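What Swiss-Prot lists as GTP binding site is 41-48, 177-183, 202-206, 271-274, 328. The feature Mg(2+) binding site is assigned by Swiss-Prot to 48, 183, with similarity to another entry given as support. Marked as domain 'G-alpha' by Swiss-Prot: 33-356. Summarising the annotation, Swiss-Prot assigns N-myristoyl glycine to 2 and lists sequence analysis as the type of evidence. Look at Swiss-Prot and you will find 5 tagged as S-palmitoyl cysteine, backed by sequence analysis. Taken from Swiss-Prot, the feature region 'G1 motif' covers 36-49. Swiss-Prot lists 175-183 with the feature region 'G2 motif'. Among the features that Swiss-Prot reports, region 'G3 motif' is placed at 198-207, with the record citing sequence analysis. What Swiss-Prot records for 267-274 is region 'G4 motif', and it gives sequence analysis as the kind of evidence. Marked as region 'G5 motif' by Swiss-Prot on the basis of sequence analysis: 326-331.
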């Protein structure tokens, strides 16, 4: 007859298996109460800014240490922004207004090419930035910014340059919202909003990053797709040829009609409305949409772009696209939008479980 006694090894294995089983059940129970939310879109559309806003509105926000830690990024963004203008100036075969500015340009370009973290500006750097920014030729280059890739918050930082140059400078929340740090890989944050836990994923939008998205597509409750509508006359950074909004529309069509998201709520943020409205003063959207015959009226142009996105929905009989026109740096407006999105997602979940 076989022995009914357990060996010490088998008892230990049973204990380990029991611990693993309990953890799996706990993870499954935790997942039931969570809402999985993806932030998707092309590079520099504002995904990370939206996540920062959610953190400000519904989590711990940013501590003084958090703000101090991004000071170097602010300095770097300014230097890189001015360097981008100088390189574009050369591309357009422009010459700086005075020979004295050439030394300033070389100083800024050498800092931009350095692999070191940006430090507080020494007087030489601060004065060079100010002189170059106010040079008519640099401003002439800036007016042609749709023809090359540059950070769209540079004007904000240049307007705040004297404050940023202060010896005891600590970035503000507004500074934090406007810094540019490309998202590499996946940033995940769990935040409780209105009694419901949301597991939010922000993934890099550059082409090279999108292959990392697929493992996140399972069991998604809602997708927020963000498109920067001011980019209708700008080229993609990755190849310098593809129109940025055309790329965004193409990506939205793929995401919206993916089998992974047929049951998920599809939310569309037409972002950077402030920059879009400003651009309409000098440029028509028919530079991209040749069939558009309307005026440069802001509301009319937004409605047309919204239609171009929403008509791509192949499941319109069973799936609605919830569209919001946003400015990601406007905390008050984003609070209203996020509250609306959260109410909608929670309501859908309650209806899906028969609890409403």
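Backbone N, Cα and C define each Cβ position, glycine as well.
This view paints the features noted in Swiss-Prot onto the structure.
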| residue | record | Cβ neighbours (10 Å) |
| --- | --- | --- |
| 41 | GTP binding site | 24 |
| 45 | GTP binding site | 25 |
| 48 | Mg(2+) binding site | 22 |
| 177 | GTP binding site | 23 |
| 181 | GTP binding site | 10 |
| 183 | Mg(2+) binding site | 18 |
| 203 | GTP binding site | 20 |
| 271 | GTP binding site | 26 |
| 328 | GTP binding site | 26 |
Between 0 and 100, where does the mean pLDDT of the domain 'G-alpha' (33-356) sit? 90
The DSSP breakdown of the region 'G2 motif' (175-183) into helix, strand and coil residues is 4 helix, 0 strand, 5 coil
Take the C-alpha atoms of residue 203 (GTP binding site) and residue 183 (Mg(2+) binding site) and report the distance between them in angstrom, rounded. 7
Summarise the region 'G5 motif' (326-331) as counts of helix, strand and coil residues per DSSP. 1 helix, 0 strand, 5 coil
Residue 48 (Mg(2+) binding site) and residue 271 (GTP binding site), Cα-Cα, nearest whole angstrom: 12
If you measure between the CA atoms of residue 183 (Mg(2+) binding site) and residue 45 (GTP binding site) and round to the nearest Å, you get 11
Going by DSSP, give the three-state secondary structure for residue 41 (GTP binding site). coil
